[in-house]
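What follows is a single structure, written as structure tokens, with notes after it.
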Amino acid sequence: MTHQTHAYHMVNPSPWPLTGALSALLMTSGLTMWFHFNSTILLMLGLTTNMLTMYQWWRDIIRESTFQGHHTPVVQKGLRYGMILFIISEVLFFTGFFWAFYHSSLAPTPELGGCWPPTGIHPLNPLEVPLLNTSVLLASGVSITWAHHSLMEGHRNHMLQALFITIALGVYFTLLQASEYYEAPFTISDGVYGSTFFVATGFHGLHVIIGSTFLIVCFFRQLKFHFTSSHHFGFEAAAWYWHFVDVVWLFLYVSIYWWGS
């Protein structure tokens, strides 16, 4: 290997982009097979290969950053820009759901009874489980900030405690959301109200699960002393993502649960 005279990371050839693309093909084909032929074999194969690809790709990134020192300040800056752009793309993703909700609710069609919520729909009480969920996520936003500041100040045990609390609150939120779905008096097939409600809150719930997984990985990495007060972009990205999930929920709560009811 020749001597490197720049701060950029020249990535070694990797099989994971190819396996990731093939797993995406398997998943989309599997969804089609599931919808039309009620067969989930291809979908399960696609999900399994996708999970394995993500695990091994991120494992390689951790090796490159933590053990090989390839993530110089310049590389970290690029990763930060990448994470910011990813979160912006997620904002636009959720914008579509809010657009659908407000388009349907501000000018309800005569077929819905000319009112919102549509005739026959009994919306959930925003002052019960949804308000508890809001409190849980706001508390998790405080604890993740506590964890971040503890890490920057070198208080490892405090960081682990705060991160564990955040993960526990994330799991609690997911369980509350699942119980709310189970007890909801309407379904995703109950017109535009049901579809916009379950798609918007369901995708948010998926993002909470992804964010919780992200934080669990950071917890185990911190147990192995992977983060320092000056080199912890993996945790920083997880914290940014969690704050994004928090903010999206506040908009969902105000729009769909409170105003929409």
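Quick reminder: no glycine exception, Cβ is built from N, Cα and C everywhere.
Marked as topological domain 'Mitochondrial matrix' by Swiss-Prot: 1-15 (among others). Within its own chain, the topological domain 'Mitochondrial matrix' (1-15) is flanked in space by residues 57, 60, 64, 70-75, which lie at least six positions past its ends and keep a Cβ under 8 Å from the stretch.
Swiss-Prot lists 16-34 (among others) with the feature transmembrane segment, giving similarity to another entry as the kind of evidence. Sequence-distant contacts of the transmembrane segment (16-34) (same chain, six or more residues past either end, CB-CB distance under 8 Å): 40-47, 49-50, 52-54, 56-57, 60.
According to Swiss-Prot, the topological domain 'Mitochondrial intermembrane' annotation covers 35-40 (among others). Across the topological domain 'Mitochondrial intermembrane' (35-40), DSSP classifies residues as 3 helix, 0 strand, 3 coil.
For 41-66 (among others), the entry in Swiss-Prot reads transmembrane segment, with the evidence type similarity to another entry.
What Swiss-Prot records for 67-72 (among others) is topological domain 'Mitochondrial matrix', and it gives similarity to another entry as the kind of evidence. Cβ atoms under 8 Å from those of the topological domain 'Mitochondrial matrix' (67-72) belong to residues 7-9, 79, 231, 233 of the same chain, restricted to positions at least 6 beyond its ends.
Here Swiss-Prot flags 73-105 (among others) as transmembrane segment, drawing on similarity to another entry.
According to Swiss-Prot, the topological domain 'Mitochondrial intermembrane' annotation covers 106-128 (among others).
According to Swiss-Prot, the feature transmembrane segment maps to 129-152 (among others), an assignment based on similarity to another entry. Within its own chain, the transmembrane segment (129-152) has Cβ neighbours under 8 Å at 158-159, 162-163, 165-166, 169-170, 172-173, 176-177, 179-180, 215, 222, 227, 229, 232, 235-236, 239, 242-243, 245-246, 249-250, 253, 257-258, counting only residues six or more beyond its boundaries.
Long-range contacts of the transmembrane segment (156-183) within the same chain: residues 124, 129-130, 132-133, 136-137, 139-140, 143-144, 146-147, 150, 198, 201, 205, 208-209, 211-212, 215-216, 218-219, 222-223, 242, each at least 6 residues beyond the stretch ends and with a Cβ under 8 Å from a Cβ of the stretch. The transmembrane segment annotation in Swiss-Prot covers 156-183 (among others).
Within the topological domain 'Mitochondrial intermembrane' (184-190), the DSSP-based counts of helix, strand and coil residues read 0 helix, 0 strand, 7 coil. Taken from Swiss-Prot, the feature topological domain 'Mitochondrial intermembrane' applies to 184-190 (among others), supported by similarity to another entry.
Per Swiss-Prot, the feature transmembrane segment maps to 191-223 (among others); the stated evidence is similarity to another entry. Residues of the same chain lying 6 or more positions beyond the ends of the transmembrane segment (191-223) and with a Cβ under 8 Å from any Cβ of it are 58, 62, 66, 90, 93-94, 97-98, 100-101, 104, 112, 116-118, 121, 123, 144, 151, 156, 159-160, 163-164, 166-167, 170-171, 173-174, 177, 181, 234-235, 237-238, 241-242, 245, 248-249, 252, 256, 260.
Per Swiss-Prot, topological domain 'Mitochondrial matrix' is recorded for 224-232 (among others). Under 8 Å from some Cβ of the topological domain 'Mitochondrial matrix' (224-232) lie the Cβ atoms of residues 62, 66, 71, 76, 151-154, 218, all in the same chain and six or more residues away from its ends.
Within the chain, the transmembrane segment (233-256) has long-range Cβ neighbours (under 8 A, six or more residues past its boundaries) at 62, 65, 71, 76, 79-80, 83-84, 87, 90-91, 94, 98, 101-102, 126, 130-131, 133-134, 137-138, 140-141, 144-145, 147-148, 151, 166, 170, 196-197, 200-201, 204, 207-208, 210-211, 214-215, 217-218, 221-222, 226-227. Residues or ranges marked as transmembrane segment by Swiss-Prot on the basis of similarity to another entry: 233-256 (among others).
If you look up Swiss-Prot, you'll see 257-261 (among others) marked as topological domain 'Mitochondrial intermembrane'. With DSSP states grouped into helix (H, G, I), strand (E, B) and coil, the topological domain 'Mitochondrial intermembrane' (257-261) comes out at 3 helix, 0 strand, 2 coil.
For the topological domain 'Mitochondrial intermembrane' (35-40), the list of distant contacts is empty: no same-chain residue at least six beyond its ends comes Cβ to Cβ under 8 Å. Regional average pLDDT for the topological domain 'Mitochondrial matrix' (224-232) in the model is 91.
Through the fold, the transmembrane segment (41-66) approaches residues 9, 11, 14, 16, 19-20, 22-31, 33-34, 217, 221, 226, 233-234 of its own chain, all at least 6 residues removed from its boundaries and within a Cβ separation under 8 Å.
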